[in-house]
Amino acid sequence: MVRFVSILSLFGCAATLVTAHDDMDMDMDMDMDMDMNIDTTTSQSIDVSSTASIVPVPHEPKHLHGLPILQSPSLTPAERLYWENYNTTTYFTTQAGNRSALRYHIITLLLVAFVLYPVSLALSAARSRWYLPLLFVNLCICISSVMALSVFKNTFPEEDWYAHNIYGTTSVLLLVFMLVHFFAAVLSVPVSLASKKEYRPVDTIPLNDLESTPVMVNSARGSPSPSSNRDTLFSLSSDTTTATATNNNKRRRAEGEDEGDNTSNHDTLRDEDYDNDDDEIASIEAPPLLPQDIPVFRILFTNTKYQMLAAHLSCVANVVFHMLTYPLFMYIFVDLIIGFAVGNLLGKGIRIFNLLAHWIKGGVFFTLGVVSLARYCGFAAKYGWAWNNISFTSQLTQTRSSNLLFRFAPAGTFTMEFVESFLIFFYGSTNIFLEHLAGNGGAWTAKDLQHVSIAFMFIGTGLCGLLTEYKLNHWRFEHARKRPQTDVVAATPGYSPNPFPAFTIFWTGILMSQHAQSSQFSTTIHTQWGYLLSYGSFFRLLTFLILFLVPNTNSAASKPFTELITSFCLLCGGLVFMESTDQSIEAMEYRGFTPMFTFNLSVGFVSLLMAWEMILFIWKDWLIKTRKTSL
């Protein structure tokens, strides 16, 4: 009985435990359900609030373009340490020194380089009476610019941020060259106080070397015929000039009578153009300028002491003036570039070699682009460098014996391809050991050998170009003459089918575009200017093909449209080349710029520069025609 009661007691306890456990499970389930409900409500509220703040877009940027390099997640500890210590302070960004003086110096130097001096070159080519006044204004602004630089230097703290820089020296030299050039111009420019009525026009005598627009003049037979690419001069009242013009007219009439009535009008016009070419490139003294409108110049030119000084020094002054006119234009930009480098603290220490290598080479291609566009506009047409047909007579070479290009000209003349080949050969010869300057005293690395191999290419292609010019000498002479004439001693069709200058530019672009750099950013920029140079050389070869298939038969500039594209590629390629220095790349990477950012800016700047250069040539042509009709 007792055992039965014990068993019942155990069953009762077990039932109690089961009931308690079920109650606990129910409580736990209820708690869990309540927690899940709370979590669901919370997450729903969070989702609603976050969705309300999101702006829907089709795509979100997932690349690092435009992101400053310090925000890049892929930097190594060594790279992050370098960029955290990167210093962006320069002469341009600091507030030390007289900032107004520095800004004035920068603005005036840019004004001289891009506006005043180029405009003065156009006035000089047009023999305008405003040339000397503008040259004087140019000199005054240059003096004030150098003085402003001196003020900034004296007000800057004692610490020297760029030790042993040469910008101060180059600025002083610029001022000296400006002074010498101005006084040489004052002494060498012929001035006459005679009236306009004393000038008589002489047909088909060139006004200058830069004129490129064909004009209609009265030919010897009394009918209008197209002249060369240059307008007529107004002769001095001298028996020599008048006699020369008279003899030329008689010779043309005699040749016209011998041709007979069966000669077609087309052949007659071509013969007249050929005879006119002799007169067009004939040597003649530049016409005297009319009295200056500015009183100080009128008083100066009538002064007895000035006339005596000019009589003794005019020859020397004339040589100095012509030697400085265009080189001074290039030196202004050299000074400007050096100032940009010093102002941004570029090229300090061993980095000077990387800077010079890129800026010298890039500057050469940029200059070549400027010259190519000028040739398209008619620059140096008297030498046949404007893609124009030209012939030199024995009388011309005698009267221009002081000009070495006329005096020593071979039968095919000195072409622009000859000049380019010589410069390529010279640059390659001097550049062999320059590539090792950064590692002077150490072993030659693979990078040094890779660079010096390009110098070897320059030597080889430059020499091949010179030899090709020698072989094509007779070919140019025969293809330039319109008909046989005994007194023609040199002639050129305006080009030489010499592929080596274009070949050199093409392979320079290809080799450097594939040259591995320290970063992908730098490699991309090298690829950009490498391809641009290659494209430019391709269009230069198309120019040769066009002129070979459709030769230019007169002395007017042929203006092949392919040269416009060539000029753009050389200008833009040279500018991007100069931007690809190590320090320039680092400055752009630090600020998060992309390679296309600088490329876009370069394309826009070059387009504006080309437009400005063409405007200057068109304006110069208009000045020449206006001056001709006013005298």
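Any Cβ shown, glycine's included, is placed from N, Cα and C.
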Residue from Asn87, Asn389 to which Swiss-Prot assigns N-linked glycosylation site: Asn87
Local Cβ density at Asn98 (N-linked glycosylation site) - other Cβ atoms counted within 10 Å: 16
Within-chain partners of the transmembrane segment (452-472) [C-beta distance under 8 Å, separation at least 6 from its ends]: 412, 415, 417-418, 420-429, 431-432, 434-436, 496-501, 503-504, 507-508, 511-512
The topological domain 'Cytoplasmic' (127-131), counted residue by residue under DSSP: helix, strand, coil: 1 helix, 0 strand, 4 coil
For the transmembrane segment (352-372), distant same-chain residues with Cβ under 8 A (at least six beyond the ends): 330, 337, 341, 346, 379, 420, 427, 434-435, 437-438, 451, 505, 529, 533, 536, 563, 566-583, 613
Other CB atoms within 10 A, centred on Asn87 (N-linked glycosylation site): 6
